[in-house]
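Pulled from TrEMBL, these are the features on record:
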COMPBIAS  150-160  compositional bias 'Acidic residues'
COMPBIAS  181-193  compositional bias 'Low complexity'
DOMAIN    71-146  domain 'Lipoyl-binding'
DOMAIN    189-226  domain 'Peripheral subunit-binding (PSBD)'
REGION    150-193  region 'Disordered'
REGION    233-269  region 'Disordered'
Amino acid sequence: MLATRRVFSASPRLVCARAGIAQAFVPRPLAPLTRLGAGCLPQRQLELNNAPLVLPGKRCLLTVSRPALAVKTFKLADIGEGIAQVELLKWHKGVGDHVEEMDELCEVQSDKAAVEITSRFTGTIVKLHQKEGMMVRIGAPLMDIDVEAGEDHAEEEEPETKERPAPVSEPQAAASPSVGAEASSTTFSASPATRRFAKEKGVDLARVKGSGRNGLITKEDVLKFLESSQVAAPAAQSPPPAPAQGSFAGSPNAQPRAAPVVPQRPQRETTQVQLMGFSRAMVKSMNETVKVPQLNIGDEYDITELTKMRETLVAHTAKKYNCRPTITAFLIKAVSLALDETPILNSKFNAATGDSYTQFGSHNISVAIDTPNGLVVPNIKNVQDLNVLEIQAELHRLQELATANKLSPADLQGGTISISNVGVISGTYVHALLFDGQACIIGVGQARDLPRFVGKSGQAFDEDLVERRRIMTCAFTADHRHCDGATVARFNKRVKELLENPAMMLLHLR
């Protein structure tokens with residue numbers, strides 16, 4: 001028969017009796033019980049006290065038990081699309097915070113979109129392995145979580161990811177290194193907003209001491225650095241006394257004038273900028289697209305009538321639908337209507353086989369959007385089924401999400417043809433490069449009022465009649481592996497016809 005006594009904070013003195021003979025047994029104090037690793041519980045030492053436990057003729061066993069806790073390492077899971085690493089934008093939880101399953105832990109940004117990472121465990125965070133602003137590879141540890149009792153999570157299989165060691169640069173000889181160069185060798189972490197603010201102010205973040213968690217540099221740290229680094233103006237010198245009467249500047253009585261004070265200008269430093277997020281994605285995309293043979297066709301579009309019609313519609317839709325359709329919305333619809341006649345341009349060439357292309361049924365038109373975080377290219381799904389107001393509403397939604405860096409992967413995937421209206425910023429002529437393996441992209445230039453020879457009632461232009469017309473340029477870039485010049489020219493002709501005669505689009509609206 002076994003008698004067992006469980007203790008947590010203290011172990012009693014045991015007096016064991018066998019065959020009626022009592023023998024006092026006083027064990028030595030036990031070594032401290034310590035959980036090793038990040039986030040371990042406080043050390044607990046079990047010591048014997050003076051409370052005897054006498055069990056005559058029986059064996060006595062002392063066992064110690066504690067709550068069944070286990071530290072789980074939470075790793076960055078594969079988020080799809082063949083993404084190898086992401087940028088850690090923001091932590092939502094910190095060390096000591098309690099988390100439940102599906103709680104949002106952090107926000108990361110891949111080459112495609114920003115993604116919220118949620119917890120698979122319930123417990124307490126005991127360690128963060130990464131800092132905000134760092135690039136994290138898929139499978140790398142994000143945090144350690146002390147999982148509560150009752151949580152039965154199988155250990156996740158660790159992906160086999162091998163990172164090459166960073167090459168060690170050869171030391172450069174320098175007579176006297178500057179303060180900026182010395183500070184630039186240190187690492188730092190800061191949010192994208194803080195990085196942009198520091199860049200605008202011309203501040204090298206490597207020289208700023210962070211006051212946030214784990215040394216995170218905040219906007220306030222940058223402001224304090226700017227205040228402390230301002231060059232103190234030299235003390236104002238009292239003006240020299242006026243020369244004595246009858247003296248002149250060159251006489252012995254004349255006082256020397258103070259040398260003019262030359263204001264010191266902040267030293268400009270050369271820095272190496274690490275590409276992040278969408279900028280890294282653009283490098284990969286452009287490297288791939290330059291391998292494709294591309295043809296270009298450009299043309300002028302007279303959008304005078306379209307501009308007049310739009311102004312008339314805006315006066316009505318702004319009040320009734322709270323929507324103001326733009327020229328871009330009409331262009332998107334015209335492209336979709338033209339694709340019905342030249343569907344080959346709504347396709348992607350199968351580079352893996354080299355002998356076929358995939359022609360898509362839906363017109364998912366990608367639109368390049370300029371954001372504070374870089375250029376993004378989401379797409380409007382099924383344009384063939386949308387009217388101009390619906391297209392404008394979807395375009396507005398994508399612009400809002402892109403500016404807030406909240407585009408979903410679904411918004412960024414599945415595009416079949418692209419439009420880049422860089423003319424809204426500047427530029428008359430645009431030569432765009434193919435995007436994401438698509439067969440065609442349309443670069444739109446700035447619309448301008450120009451003099452043009454015009455005709456009347458659809459007749460040929462009159463060499464003696466010149467009017468001010470609204471002119472916009474469009475340039476078509478196509479994949480020359482499966483799209484020939486004649487096909488692209490017909491596509492351009494149809495888009496031009498619809499935009500210059502916008503009433504024709506009414507015949508095709510569903």
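Going from the start of the chain as shown, residues are counted 1 onward.
Using the three backbone atoms N, Cα and C, a Cβ is placed for every residue, glycine included.
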Model confidence over the domain 'Lipoyl-binding' (71-146), averaged pLDDT: 86
Tertiary contacts of the domain 'Peripheral subunit-binding (PSBD)' (189-226) (same chain, 6+ residues out, Cβ under 8 Å): 89-91, 94, 128, 131-134, 179-180, 183, 266, 268-269, 271, 276, 372-373
Structural state census, the domain 'Lipoyl-binding' (71-146) (DSSP three-state): 0 helix, 40 strand, 36 coil
